[in-house]
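As given in TrEMBL:
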- 20-37: transmembrane segment (TRANSMEM)
- 40-469: domain 'Cation/H+ exchanger transmembrane' (DOMAIN)
- 49-70: transmembrane segment (TRANSMEM)
- 76-97: transmembrane segment (TRANSMEM)
- 104-126: transmembrane segment (TRANSMEM)
- 138-158: transmembrane segment (TRANSMEM)
- 170-195: transmembrane segment (TRANSMEM)
- 215-232: transmembrane segment (TRANSMEM)
- 252-269: transmembrane segment (TRANSMEM)
- 341-360: transmembrane segment (TRANSMEM)
- 372-394: transmembrane segment (TRANSMEM)
- 447-470: transmembrane segment (TRANSMEM)
- 509-532: region 'Disordered' (REGION)
- 516-526: compositional bias 'Polar residues' (COMPBIAS)
Amino acid sequence: MAGETTTTAENGFIQYHEPNIIQILVLISFFFWLSFGEWLSNKVFRAGLIGQIVVGLIYGLPIAGIILPVPWQEAFIALGYIGLVLIIFEGALAVRLDLLKANFGLSMIAACIGVIAPFGFTYLLLYVGFGHGAIETFIVGAALSVTSLGTTFVVLGKSSKEINFSDTRVGTVLVSAAVFDDVSGLVMASVIGQLGALGGEDSPNLGWLIGRPTLVSGLLAIITPVLNKWVIAPLYRKHVEPRLPVTRKRHVVNVMIMIFVLCAFLAITGFGGTSVLYGSFMAGAFLTYLPTKHPTGPFHPPSREEAEEAEAQSIAETTPLGEPRICPTFMHTFEKYFLDAVKYLLQPLFFASIGFAIPFTDLWTAEAFWKGFVYTILMLISKVIVGLVIPFATIMRRPAGMSIRECFTSTFWPAMLLGSAMVARGEIGLLVVQIGLNNTPYLSKEAFITAIWAIVLNTIFGPVSVGLIIKYKAHAIADGLWGLEKNDAASVDGLSRANTVIETQSVREREKSVAGTHTRTTSDPVTLNEHV
């Protein structure tokens, strides 16, 4: 083997060998069981990701150890992480920016609770109760303070086929809080990764170590919307958008723009020392605001099938100037060209890679089990209480005639949805705690196993709870105070997607009846979208 490797390196290429039948059958069975595991666990638990994690456990090192070679698992982890980046990017494309702005303060309060409460409970149990060290407790608390943003988007996207919970007030608060928790957790991860070097000759500056990713994240959150609203978006709408094709060729342009913007934000956040997942979210939010919102411009389609049908009809029935009724948006382009690859390949690999990283055989001792279970319950409570911000915010701004008791009863299920969706720690928690184990001398194997128990069980309990809540209470939440906003002044652009398409087509029919003119009156309801 050594001689063969040397010859290959000298020749400058890899010799092509046909995969043997065992390798082919292993790969086929791996992807089959990923699909079947998702279907089965979705039927049983309303959370398909559980089955994919279990398949990762079985095929990876944790249980079998020999089914998938380690280089294959490493390659699947890299592909799965690309899937995570695209999952967050897609979720950001669907975020309601008007609701994000209107509920920003509440989202920050929820995020702070979601970080502070896990730290408080962790120090109470591990530091005071179990006698672990202060730095060791900080590492575990940092790992359990995060929220799995990718899991959040997947669960919300798959739990209900009728309602898009990204368009709800509670969904917007959830996404914003989860982003903040992830950023803070990954900032702490970068600090933890350097703890082992502190005190040595090449010891990094602790202030700069903490301040750099925090500064980059804060500046990106401030500068991006300011530049987009006042500089980039106006220039794009005035000079670039009118020159872009309005037929199916627009998809090609959209793909190029999406790749450029996504890579730019990933590079900024990656080299800036903060999370590339944060960069992925900011890239999607940036593109959401970029296009003009008018009847002949982009729209967010209710589904890919309906969008393609509307697009085909718009091309067949053009206006007198030859302009199609509807141009594809970035979201439409993503759904048409990237969604299948993410849904059926990259997303399963991402959740399987979580299974690869779980030290399964080390979990099953009596002491590890009871300590992990107790800590799991505390970490479950520490995120569920985030949902309390919803009833208290409702009380502060309750409608006339609504009692405090009615505020609590009417917001119970939105609050449970928010709290339950914040529970999953997933890949970010595993990353932080493994950095603490491998890069520092502070984290013991005992504390590591306790943290793993809490991360794994919360990643299971959270999605299952969300799936059950949405299954039985989806319409009650969507029609309530924290559901789909249709009459609020802050959500004029927040009509349902289907209504937007219908309204767009009706406006265009009225315009076609007036030959030679495209002037709309100020009473046209769609013109309000241009100012959102």
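Glycine is treated like the rest: Cβ placed from N, Cα and C.
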May I ask for the residues of the chain that lie six or more residues beyond the transmembrane segment (20-37) and have a Cβ under 8 Å from a Cβ within it? 48, 50-52, 54-55, 58-59, 67-68, 344, 348-349, 352
Residues of the same chain, at least six outside the transmembrane segment (138-158), with any C-beta under 8 angstroms of its C-beta? 42, 47-49, 84, 87-88, 90-91, 114-115, 118-119, 122-123, 126, 132, 165-166, 171, 174-175, 177-179, 181-182, 184-186, 188-189, 192, 277, 281, 347, 350, 379, 382-383, 421-430, 432-433, 436, 440, 442-443, 447, 450-451, 454-455, 458-459, 462-463, 466-467
Are the transmembrane segment (341-360) and the transmembrane segment (76-97) close enough to be called in contact, which here means at least 3 C-beta pairs under 8 A that are separated by 6 or more residues? yes
Among the recorded stretches 49-70, 104-126, 170-195, 372-394, which has the greatest number of Cβ pairs closer than 8 Å to the transmembrane segment (76-97)? 170-195
Per the definition of 3+ C-beta pairs under 8 A with sequence separation of 6 or more, do the transmembrane segment (372-394) and the transmembrane segment (49-70) touch? no
